[in-house]
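The structure appears below as structure tokens.
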Amino acid sequence: MARLLLPAQLSVVSRRTLAELLYRSPPFNNRIVHFKPVISSRIVSKSRDFRLFSTANSPQDSATSSQENERSGKEDMVSNELPPPEEDNGGLRRVKEEYPSGEFEFEEVSGWRSFVVKLRMLIAFPWQRVRKGSVLTMKLRGQISDQLQSRFSSGLSLPQICENFIKAAYDPRISGLYLHIEPLNCGWGKVEEIRRHILNFRKSGKFIVGYIPICGEKEYYLGCACGELYVPPSAYVALYGLTVQASFLGGLLEKIGIEPQVQRIGKYKSAGDQLARKSISKENYEMLSKLLDNIYGNWLNVISSTQGKKSDEIENFVNQGVYKVDRLKEEGWITNIHYDDEVISMLKERLGVEKEKKLNMVDYRKYSRVRNWTLGLCGGKDQIAVIRASGSISRARSPLSVPSSGIIGEQLIEKIRSVRESDRYKAVILRIDSPGGDALASDLMWREIRLLGESKPVIASMADVAASGGYYMAMAAGVIVAESLTLTGSIGVVTGKFSLRELYERIGFNKETISRGRYAELFSAEQRPFKPDEAELFANSAQNAYKSFRDKAALSRSMTVDQMEAVAQGRVWTGGDAESLGLVDAIGGMSRAVAIAKKKANIPQESQVRLVEMSRPSPTLPEILSGIGSSLVGVDQTVKEILQDLTSSSGVQARMDGIMFERLQGLSYGNPIFTLIKDCLSSL
């Protein structure tokens with residue numbers, strides 16, 4: 001949403017995007033994958049180590065080729081709406097480069113290494129021990145952060161979820177995985193990353209059983225990747241399709257006497273529309289329709305590939321409005337209908353556990369304490385730094401913000417400089433999950449990332465969204481990797497202020513301003529609209545900010561200004577479209593970013609490297625208390641975000657508008673009252 005320049009009496013208003021739309025990457029389908037000769041490569045981190053086996057010098061991973069096949073039925077629709085691809089115009093367009101895929105391949109542990117692993121398990125701390133024959137249980141529900149979480153945090157962490165999948169694949173004490181999938185409140189990028197790890201886990205030969213009590217599109221997308229999928233007889237089935245919503249407060253603000261004076265540069269830059277308009281614009285409708293087509297089309301293609309059916313068959317089934325669990329079983333969408341206790345009894349029988357005895361189970365949080373060292377998943381002398389940037393962008397920390405709240409430009413710059421000045425790191429992965437924010441902070445970070453790239457390779461890896469200010473950061477990297485449905489682009493800016501003249505007249509309030517200087521009252525006189533010369537200056541200032549963003553994007557992506565203008569204009573693209581337009585270099589997840597970083601740093605793909613997280617969780621006492629409160633109330637994070645937005649600074653914003661993609665009936669575990677409060681705060 002737009003952050004507006006507000007009167008001092010009203011303090012600051014919020015501008016946080018409400019929903020995360022988002023995206024999925026090229027799918028690994030339930031099919032036999034043909035592997036080219038693979039060189040084993042163990043990639044580990046300081047306390048988050050894992051092993052990957054990457055296909056060296058593969059132009060695109062098997063997921064990408066799979067995605068291309070799945071999208072073939074939608075190709076005409078996509079190509080007709082994209083600007084024609086530019087050829088090498090004056091030698092500025094960067095040459096298409098082949099990148100390693102970073103695809104995971106399971107390697108059996110045997111011999112001496114197996115003995116060492118068993119020995120380490122014997123001497124591990126009690127809280128790191130797991131009984132032999134255990135089943136790892138993970139419950140995926142609600143929000144999933146792209147940041148590492150401390151043990152006191154109540155939320156789920158994507159890096160730790162993925163790490164647990166890899167550890168469990170190699171852990172001889174883990175017999176299989178029981179995955180509970182509840183309603184998810186995250187983007188398609190994270191969903192795809194998890195799905196990829198589900199399929200990677202299956203390569204170990206261990207079973208993975210999915211259980212879904214509430215079956216929506218995202219939940220089924222993950223569940224169908226499991227070898228087996230069960231639902232209870234009373235499960236809520238909500239496979240009705242996807243929607244996108246855009247709300248507008250222009251009429252409401254008009255009735256109460258508030259006039260938003262918004263400058264948004266770029267015909268597709270919809271940030272600010274929620275305040276200034278009463279209905280959706282033609283350009284915004286076009287953009288949102290295209291995004292929804294891509295997401296829904298990819299969902300149909302993945303499900304059809306998994307079930308061995310045509311996309312039309314899947315779409316026809318969805319359009320029948322299926323709500324009965326029996327229909328899912330009849331059509332082969334699930335394995336069977338069982339209650340949770342029946343699934344556990346089935347697992348007991350499979351593992352040879354007597355009925356009266358308890359099944360050995362270890363949950364996500366306890367298993368997260370198991371160190372990779374215990375399993376022999378660590379090593380390597382070459383180090384790659386991982387800098388994570390998640391959330392809304394602000395330049396400095398506000399009084400009410402907490403260490404984990406958004407991207408604080410000053411703090412991220414310190415991390416970037418420390419990595420640049422260190423000789424320890426051979427390359428850097430900048431992991432971004434942000435809709436943008438403060439344009440000044442974005443530009444300052446862009447500069448530091450560019451300087452970092454002069455000393456070592458920098459690879460940007462996009463999660464759910466890296467748009468506006470998020471893309472501003474990414475474009476400074478040497479290579480950009482995104483999931484095929486990551487929301488990105490939105491190269492544009494927005495700024496504005498409120499004119500409260502009519503509101504003041506209605507309530508009998510008056511304010512007189514004495515000033516010196518022609519434009520001294522540009523932002524301070526909220527009791528009146530802009531004068532003509534003030535409006536012209538305000539518009540020129542916003543145009544200047546946009547041109548700076550656009551020109552730096554052209555420079556960063558080796559494009560002419562005209563080429564960049566054709567794909568800028570504030571338009572949001574999916575990762576797959578952005579890749580064809582030159583805004584993104586490769587499609588894939590974190591593993592592919594690591595493989596590319598190794599290539600750029602001249603590290604052989606078969607060599608071990610160590611991933612060093614630069615943002616380690618270090619909870620303070622307030623955070624510990626917050627974690628406790630979260631488990632009791634479940635609304636602390638919402639309150640934090642509201643307080644943070646209220647105390648954020650105003651200015652020109654490089655921010656993607658809030659986009660709400662959801663099921664038709666909008667199932668959510670979020671408190672609707674707090675959702676309404678956030679929506680209003682981010683729109684005033």
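Including glycine, each Cβ sits where the backbone N, Cα and C put it.
All annotation found in TrEMBL is predicted automatically rather than curated by experts.
Feature annotations, courtesy of TrEMBL:
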REGION    55-94  region 'Disordered'
COMPBIAS  55-67  compositional bias 'Polar residues'
COMPBIAS  68-77  compositional bias 'Basic and acidic residues'
DOMAIN    203-353  domain 'Peptidase S49'
ACT_SITE  Lys269  active site, proton donor/acceptor
DOMAIN    454-603  domain 'Peptidase S49'
ACT_SITE  Ser468  active site, nucleophile
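Taken through DSSP, the domain 'Peptidase S49' (454-603) splits into 65 helix, 29 strand, 56 coil. Fewest Cβ neighbours within 10 Å among the active-site residues Lys269, Ser468: this applies to Lys269. You'll find the Cα of Lys269 (active site, proton donor/acceptor) roughly 10 Å from the Cα of the residue listed as 'active site, nucleophile'. Per-residue pLDDT, averaged across the domain 'Peptidase S49' (203-353), gives 92.
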